[in-house]
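Among the features that TrEMBL reports, transmembrane segment is placed at A:9-32, A:44-66, A:86-111, A:117-139, A:146-168, A:188-212, A:224-244, A:273-295, A:307-325, A:340-358.
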Amino acid sequence: MNEQGNERFLISPFLVFFIIHCSQVGVGVLSFQRAVMKEAGHDSWMSVIVASCVVHVLIWIVYKIFQSAPNAEDIVSLHAQYLGKWLGNLLSVLLLIYFFLLALTVLRTYIEIIQVWMFSLIGAWQFSLIFLLLTYYTVLGGFRVVVGLCFWGVVIPLWVILPMLFFPLEYAHYRNLLPIFDHSLIDIFRGAKAMTVQYLGFEMLLMYYSFLKHPEQSHKWAQWGNAFTTLIYLIVIFISLVFYNEEQVQHIIWPTLTLAKIPEVPFIERMEYIVLSIYVLVIFPIICLAVWSVSRGAKRIFSIKQRKSVPIILSLLFVVSLFIVQRENIEKLNMLTSKIGFYVVIVYIPVLYIYISIAKRFKKTVQQ
Amino acid sequence: MKRIAFILLIMLALTGCKNYRVVDEVQIIQAMGYDVKNGNYIGTAIYPTFKQGPMTKPNILTTSSSTTYDLIPRLSSKSALPIEEGQLRLVLFGEEFAKGGITEVVHSLARNNKIGSRLQLAVAKGDAEELLRITAKKTLSDTLYLSNLVEQNIRAMNLPKMNLHLFLYNYFGKGRDPFLPYFEKKGDFVKLEGIALFKDGRFVGKVNLRDSFLVKVLLNETKNGMYQLRVADYRKKEESRVLLQNLFARSRYEWKKRGERPVLTISIHIQAAVKDYPSWLDMPQKNTLKMVREKMEKDIETSVKNLMEYFKEKEVDPLGIGDFVRSQTRNWNEEEFYREYKEIDIRPHVKVDIIQTGIGE
């Protein structure tokens, strides 16, 4: 509670737009087409919309949880209040491990992309060392610095990367989108399931909720943030659908980066290198936010100062990322994280909400 | 103090990133040829060497191997500088090689992150090596000759759009087959002869340059292309030709499956300029214009029909008719469609509008 009164640690409600959007769009946007189009083919864009609707509801639930438990500062105190100290803290720790995995997955996947596309000889440790030192610097600057990074991590790539995705329309086959509804509803929902993991990241809201100045006002911005993410995914999937066909996409690991191979300007022939370099700005805030969430959680549970916990978390990230070398294992890590994330948001958050509202009603009747 | 230590640490880490390639210390291959002779694969690479100033001299490296995979590593063993394929613009396949299938090579190109999506692929009549040697000779002396030739013909003439991306698109996609430009040696020159058709990655047939105009129009590429037509004069009983320049063309397909035979109606609308015509055809007069127009329409209709018959006979679908039918029918099945591919009744309807005849009469 001590920080809640302190205005200088809080952020304006509209910045939630950038945090939500930034934490959702990560390495996934470079490769999500494959998984979705495998299930829903050329109707994939419907899966994107269905998944987005689900996430809109989930964000609403997160806000509802905090509104129905006004004493809780964040998920840690909420757990402690409603589930008791031991079980509550155990769940909080599990959630922190998930956030750690999130940071690890994003970091390792990005390094893999750098290795495959740009510097095949670079060792993973060189890159992750520089990256994690920067993260250390940022996270210790506090939550407001992380949020500032999120802001720039949305604005700059938006102007640099997004326009490049429109060049491939030179080879568009708009007929690919027809016939609409060629896939069964089950296929579309399967695609939506594959798509939901691309919206992961918004659940970190559970950690930083207490840092919002007027939480009720920020709700609409959080929804807009998710809507904007949907727009980006829709643009990318539409362009991919008309540029590739379903079978071709299955042979491409990062379809979005291959899209960026098409624009050609006289002074630089291959745009994917520019896209990849700028993409650091997309990746970096996510890692910072996840590391910040873990350290914040550690502080709330075990009262460890962030100045002490952040180096530990970062060195853990560094060491673990050293051991994941093969592409196969990176793929496995991605699968694992997205699976856990999927159940965290789809099962855990709604169950928590139902539990809290029942517990509250129960308490009320007991008090009467 | 802390900050300085931090910066020093980062600099230390950066020393590992010495992954650079200086332009004049690598050999940039700009075209590559693949041939097969007596079961042995022959790779030919053509690269520029930079002499004084802007002058470049094309050079050639060849090597042979029993597989296609190690051709580039083997080329390295003949080269003083490391070979870079990042600037590869054209890959030329010899006819024999193309008949055996180009899938392996194209897959490896598609996987290679250094290679651009706009790379051109082509087929050579005879040996790819021979054609590449011609482009390296004194008369042409240009490492980019063939790739520029293809691109120029796509932009302004009869060649439909093609590159590595489109090849893969047509290759992987259901209901369509890929095609590539086809080159032939003519004396000391290389000449574009039309389009080579592929089926499952194998070269199976070709279309001449005149008919590739029709392919271009049928693929719904709206601009460019030249087409020569025969017009006969009833009175003089002599045959002459009219040269048509396509200004804007559009083709529309319509699929109907009633009764036993499926019907594909193709409506083509060409807005054209007449470039050259015989003197007896007095252009500005309305009735001759109409006569020419009708002649043209009929001529194009029969040509389209013949072209489609040829595709059916070779069982290839470069126009993506299967893909078009897929977009019109639910639960389209590729095998089922191609089983009755030969049965399709093709009905072309052509409409030609002559909107320019030049600035003189």
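Backbone N, Cα and C define each Cβ position, glycine as well.
Unlike curated records, TrEMBL annotations are generated automatically.
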Cβ contacts under 8 Å made by the transmembrane segment (A:224-244) with residues that lie 6+ beyond its boundaries: 16-21, 24-25, 29, 32-33, 36-37, 42, 44-45, 48-49, 52, 55-56, 59, 162, 165-166, 168-169, 171-174, 176-177, 195, 198-199, 202, 252, 255-256, 259
Contact between the transmembrane segment (A:273-295) and the transmembrane segment (A:9-32) (at least 3 Cβ pairs under 8 Å, separation 6+): yes
Contact check, the transmembrane segment (A:307-325) vs the transmembrane segment (A:9-32), 3+ Cβ pairs under 8 Å, seq sep 6+: no
Among the ranges A:9-32, A:117-139, A:146-168, A:340-358, the one whose Cβ pairs under 8 Å to the transmembrane segment (A:188-212) are most numerous: A:9-32
Most Cβ pairs under 8 Å with the transmembrane segment (A:9-32), selected from A:44-66, A:117-139, A:146-168, A:340-358: A:146-168
Considering the transmembrane segment (A:146-168), which listed stretch of A:44-66, A:86-111, A:117-139, A:340-358 counts the most C-beta pairs under 8 Å: A:117-139
The transmembrane segment (A:44-66) versus listed stretches A:86-111, A:117-139, A:340-358: most Cβ pairs under 8 Å: A:340-358
